[in-house]
Amino acid sequence: MSASLNNNKTAVWSNLEDQIVKAAIQKYGTHQWSKIASLLQHKSARQCQIRWDEYLNPRLNFNDFTKQEDARLLNLARRLPNQWRTIADAMGRTAQTCIDRYNQLLEADDEFGVSSSLQLEYPKAETLAARPDGIQLEDEEREMLAEARARLLNTQGKKATRKVRERMLEESKRIAQLQKRRELKQAGERTTIRKPRKRYETEIDYNEDVAYEQQPIPGIYDTSHEDERMARDIDNFEKRVSLRGLKEDRKGAIGKRKRESDSTSNVPAPTTAEFKKPKLELPKPGTKDDAVETVKANRKALLVGPDEDQSEPLKTIVKPHRTLSELFLSLPTPKNDFEIVLDEDEQDEAPEVRQEIKTEVKEREEGQQIKNSAQNYTINEPESRPLQVDCLRVKAPDFIQNPTDAFERTFNELLASYLTKDPFMQPIGVSGFMEQVEHRMEDVSISVRDLQWQQPTIASVKHSIRKHLTTVRDLQHSYKYLEPLAEFNDKLCRKVCIEQLPHLRKLQQKYYVHYKIYQYEMRAIEIRKRRLQTDLRSALGDVVRGDR
């Protein structure tokens, strides 16, 4: 039984089996080959997949091979020996088609009558055309067809699926009936639509009835009961409002008494009004002139460092609290009514600190007065004076970034003096030098030349034209030797590309094919030689055993 089953699995494909495979692929796709094979009695899942990939797939190319495809096939077979699946993917064809075409090319190139005994064996059942069906199907095929139709159409499936299919069939019948009625109406015959059978008694016919229509009551509509209902609702609302108002008033009185009792409870003293901060009262804006002068003098006395010619620094060391005291003394007299309370140690040191500060300030003022008096008695000529140049009145240019020499630095100084509106101070010698330069420039006489265009003469124009023509002739004569080189190069390229390269490619292919045949023959001869040797040894062994 198993032997017959295995033989049936490799049988030739029939037209009925091909159609069942196509219909099953439309439903199950190209990944459920076991389910597709269950529809067929004599085919396995692998056979169904190979049949689809090698023959039934509509994307396959079964046209004749072109010369370019033949050359590409030979090249791929040389680079990828015995890898026909990969070659088939690259060629866009089936593996069996590529093998058949390769064998045909080998037979066509066999010009010397050397045929290889090494035949390429391959399964051809899935790649051959289907066997046509007979006039009458056999019982086995009829049973297979009925089962496949039942499974693919799902007529024996779930009830819901069957109901959906029946509704779709009924809808298609209705559309066909409408089309038929339209055609009859165009032909001049009037027909009526037959009412469909109601599934239940209260089903609505949307072609005749209005869905959920409510017919009005005949006569004048009586609104007296509506007035009574409205008056009753208003009374109820007023009662609810009055009741809620009383409750809210009662709750409000209780809450008020509770808040009063909470306010009279014991509260910490710092939270009462008597410990609130006083308002900040600042003096009016503006200060007196004597106060401003006092602030300037004190700030100058405290912040200005010692004189440059002072050789010995101050020997007194000012402590932090002493510095603060100096700053406070430098302030103008305040108008607020508060005092700074110092610690006991600081109070002891405060008179001494004040005395030291007063003595230092007095000494500095005396030194400054002496210096000013000395400067008043020294009369020297000013070393510099403001520069008066007209270019300073022009719009200022940009500064020179990163000046490298004295000229650029002077330029930046001039520009800064212009922007700050301060006069640029220069040595006296520079102004004298500039006056000399101005006198010399006045002596220089500038003569203006009149530039007039003169038309060239005819002789000069002819001479220039002849000169250019001679140059062109010389260039043409020098390039004449390139023409034969170009012709020779063209002939050589045509001969190499059109004649020699194709002939060389053909010889290479022929050599490769013959070399492959030679290799196969040598391998076959080696295999036969080994077999003959083994057979000879076994025969000799049998003979020796028989003699014994």
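Placed from the backbone N, Cα and C atoms, the Cβ positions cover glycine too.
Where the annotation comes from TrEMBL, it is an automatic prediction and has not been curated.
Here TrEMBL flags 9-60 (among others) as domain 'HTH myb-type'.
Remote same-chain residues near the domain 'Myb-like' (13-56) are listed as 94-96, 123, 125-133, 137, 140-141, 144-145, 147-148, 151-152 (criterion: CB distance under 8 Å, separation of at least six residues from the stretch ends). The domain 'Myb-like' feature in TrEMBL is assigned to 13-56 (among others).
Summarising the annotation, TrEMBL assigns domain 'Myb-like' to 57-106 (among others).
TrEMBL lists 65-110 (among others) with the feature domain 'HTH myb-type'. Helix, strand and coil counts under DSSP for the domain 'HTH myb-type' (65-110) come to 35 helix, 0 strand, 11 coil.
Marked as region 'Disordered' by TrEMBL: 248-272.
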The domain 'Myb-like' (13-56), counted residue by residue under DSSP: helix, strand, coil: 31 helix, 1 strand, 12 coil
Segment confidence, the domain 'HTH myb-type' (65-110), expressed as mean pLDDT: 88
